[in-house]
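Working notes, structure below.
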Amino acid sequence: MMLLNDSSFPSTFFLTGIPGMAFAHIWISLPFFSMFFMAVTGNCISLFLIFTDCNLHQPMFFFLSMLSSVDLVLSLSTLPRMLTIFWFDATAISFHACLVQMFFIHAFSAMESGVLVAMGLDCYVAICNPRCYSSIPTPVVIAQIGGLVMLRGIGFTVSFPSLAQHLPCCGSHVIAYTYCEHMTVKLACGDTTRDNINAFIVALFLGIGDVAFIAYSYGRILQTVLNFPSHEAWAKAGSTCTAHVVVILFFYMPGFLSVIMQRVGPPTAFAVKVIFANLYLLFLPALNPIIYGVKTKKIRERLLVILNPKKIDPPPRVLTCFSGIRRGIVEVLSWHAQRGKESWHTGLAVPFGEDRRLNDVAIRNTQARFWDNSIEGQCS
């Protein structure tokens, strides 16, 4: 970023916290600190479980790790500064620190929206096309999606601080907020047309565009679920869709309400607007580990095994990397000893010891097992 001369913008701003409620800042800080503690602890635990257990190295859990990483950055970029205002009345913030905080908030909010879109796409493939699920979201594809989400978030939002730093400020240096969102633009006394147009375009692409894509994905998922033959499949698919929809609603609804209240809300309700804006950044990072930790069976089982290893036996599928490799080597050697002269079967994956020439009924059963496992990987 280009440095500014002192005549165009002040070197220091002052954050007021929640306007008109300075007397209650200590009490207001308690639920915010609780959400911050839950967000940091829960997301760190989720990242630890996913990266230390090979059985969680699957597309859904990689996307969860992306979501947890983004939530951690969002929490750490807003809450510490907010708590210093509430507890120590440390309202001063430098202009460049304000621009950096503005960039992190916008960029990682855009990344979170992109991760939710990717998770919706992953759920769509798993439920609507389960037989291709093992070949489409490969590690390379997931890494590419993660890189695209990051570049998209940075590319769309880097313009906010870049444009804001060139605006002259000849009025108040007080920001009636708990963090530097886009309030520096409102303090400017120059022409802010470019900034407003840029904000509108970004909101159009990231907000309405992502919501439309997610709605289309879940509409197709719902259409597929209604054609499921068994009630058990309905329950599994409904479980994962419900969890994802809850997260999506909690992410987008407070943001839309905050924007609407900023534009058309009464001036006397400004404190409510600030609280809504804070909940938009803090509530979902605290809620995500709870929703996905409770709804995802593998994460729940793995956490219980770590917390109580002596009393809880790990389920058959929760194996360490080395035990899984060792078992695989033993099975391969046994299979070769039995099959001797037969070559590897390169078609449909067949459990060891079964006849290679499956009849039509066996093929359908294998596909059904793969279908159920794909849904279970998302829903259990």
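Quick reminder: no glycine exception, Cβ is built from N, Cα and C everywhere.
Any TrEMBL annotation is an automated prediction that lacks curation.
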If you check TrEMBL, which stretch out of 102-124, 240-262 is marked transmembrane segment?
240-262
Mean of the pLDDT scores, which run from 0 to 100, over the domain 'G-protein coupled receptors family 1 profile' (42-292):
85
